[in-house]
Every structure is written in C-alpha cells, then in structure tokens.
C-alpha cells in the first residue's frame, strides 16, 4: 500500500488568501480562506490591495492551518503553491512563503498551475478517470479542454475576448450591484423576466466551441444607458435576460464541444465544469440538461470549492506528487500560463 501523503497548499493568485492541508486519502485536514472585501468598493480586484492583503494574512493562515490539523511541518510531505496564472504581486507572496517553508524544512515544493488545480479538484470527490471533457469558467478564463492526464491537456476552444466571470462582474458593476457579480446577478435574475430584453448570442451560429462575450457586455451597457430610471424591477429583468442569454450560449458551445471531444477520443463520456461561475445553480441546471441529452455525465466540484481555495492547490499537489512531478526553487510566477503548455514544461525540465 502506498504511504499516505500530506500536502500543504497555498493559493494567492487573485483576491483570496487561502491555505489548506490535504492528504492522499482525499481528506481535508484544515482549510483557511480569507476573501478581501476591500475590492467591492472598486467593482473589481485591485492588484495592489490584493498583494498587500496576502502579505498581511498569509503567514497567519499558514500557522492557523498547521495548528488546526494538529500536525507539524515534519509531517508534511510537500508544499504546493500556485505559480500562475494570476496577478504577479499576489503570486510572488505565495511563492516566497512556499519557498521559505521548503528551504527551512527541506520538503519538496511543487509549482501548481491554478487552472489545473480547478481541473483536478473534481477527482478528490468523484472516481473519474482520464480522459474527460473540461470546461473552466472563472474570472480570468473560459475554455474547453480535453484532460488526458495530470499536466496533459488539449485545448478545444476558449473566449476570444472577455472571460465569463469577468462579464458577470462588469454587468453587476453597471447595475451597481457590487462585487463579486456572479452571485448577485443570479439572485436578482430569480426575480426578473428573462424575456424582457433580447441580447446577442455571439458565435452560436458557427461551428467550434470558442466564446465571445464582449458584444453581450456592450448590449447590456447600451440597454442601461437608454433607461431614464434604473429601478429594482429593471435590474432584475436585465439580470434575468443576461443570465438566460449566457445559458443559451453555454448550451450551444457544450453541444459542439461534446461532438469535438468524441471525434478526438471515443472514450470521453464525462464533462467536468469548474471555476467560480460553475457555482451558479441556474447555469448548472441548463448545462446538466444539455450534457444528459448528449449522453454525457456532468460533474461539478462542491460549490464552495468552485471559487479559488487552498484545497484545490493541495490536491493538485497530491496528484503531481503521485506522478513524481516536483519543482526546484528556481521557478518564477507567471501572469499567463496556458494549461495546454504544461506537458511542454515537463519536457523542458
């Protein structure tokens, strides 16, 4: 029997400061996360504020996690840390903390691709083998990939402009709903009429599974600009129309992505949807019906682990460690780090 592995995961790629300790038995031994409320006043993440908050709180969260788990650093088998993609300032804070712990304890360090952590967290909760179809929807990314193995992905399509999470945040800002926008728009949409406004469903008449959301964002802005009064009813109707439009786009693109994935590998029969937008219950319902109609099983992480967290970084560390993938101390933060490039990074090392 393989020895139980324990990994400390550190996540500081955006505005969540998160630390977790997980083991290879798929147990969360401790998990601490601090979301920064200061960004709400700006309608989005301010990199300088985010990085300073990571500096202020990360050391305390690491110590709190160690204490809660009733372990010591000698019990940890490796330290996993987000190295990208993300905001450089925040990434530097997390990486320097992880490198310091690794240097002092002599424990291996593993640089984690943030997107891969979103992709692999599903395997902590479901027995799902490779390959599978993957849809990542977050504040910075919206893309379909085929996941063949740890650090081995093939991109099928992605957003040509804005990410879906970014559009949710910007629409919420236009409506003065605050940040983050996704949960608020979902809540308001339940009270509105989705047929109130006709919005563009870009690329849905074209093959492939790329996305384009910039036209949708502009259309919402134009609707708002044409109103004399923005009352609660209007906010709810715009939210409902916007979310219904997003649902139609996702269904169309999923239909195409399923066909494309089956053409690539006939074994693929599961769709994993992850990232912050995957927590949206209304969109989950639309996507689930679509996948089931295509004979695919669709899987989502627990809603609280769709957004950025330390558990997914720790689990990605477990998966990488099992493959023998560890890093030296010379790696650097990356603002951009395409998931499909991971296999080439292995070859270079």
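Residue positions begin at 1 at the first shown residue.
Backbone N, Cα and C atoms are what each Cβ position is placed from, and that goes for glycine too.
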From 269, 280, 285, 292, the one annotated by Swiss-Prot with 136, 137, 138, 139, 140, 169, 182 for substrate: 280
Cβ neighbours of residue 118 (Fe cation binding site) where a neighbour is any other Cβ within 10 Å: 29
By Cα-Cα distance, the member of binding-site residues 114, 118, 308 nearest residue 139 (substrate binding site): 308
Largest inter-residue Cα distance among 136, 137, 138, 139, 140, 169, 182, 280 [record-listed substrate binders, Å]: 17
Alpha-carbon distance [residue 138 (substrate binding site); residue 308 (Fe cation binding site)] in Å: 9
Residue 118 (Fe cation binding site) and residue 136 (substrate binding site), Cα-Cα, nearest whole angstrom: 7
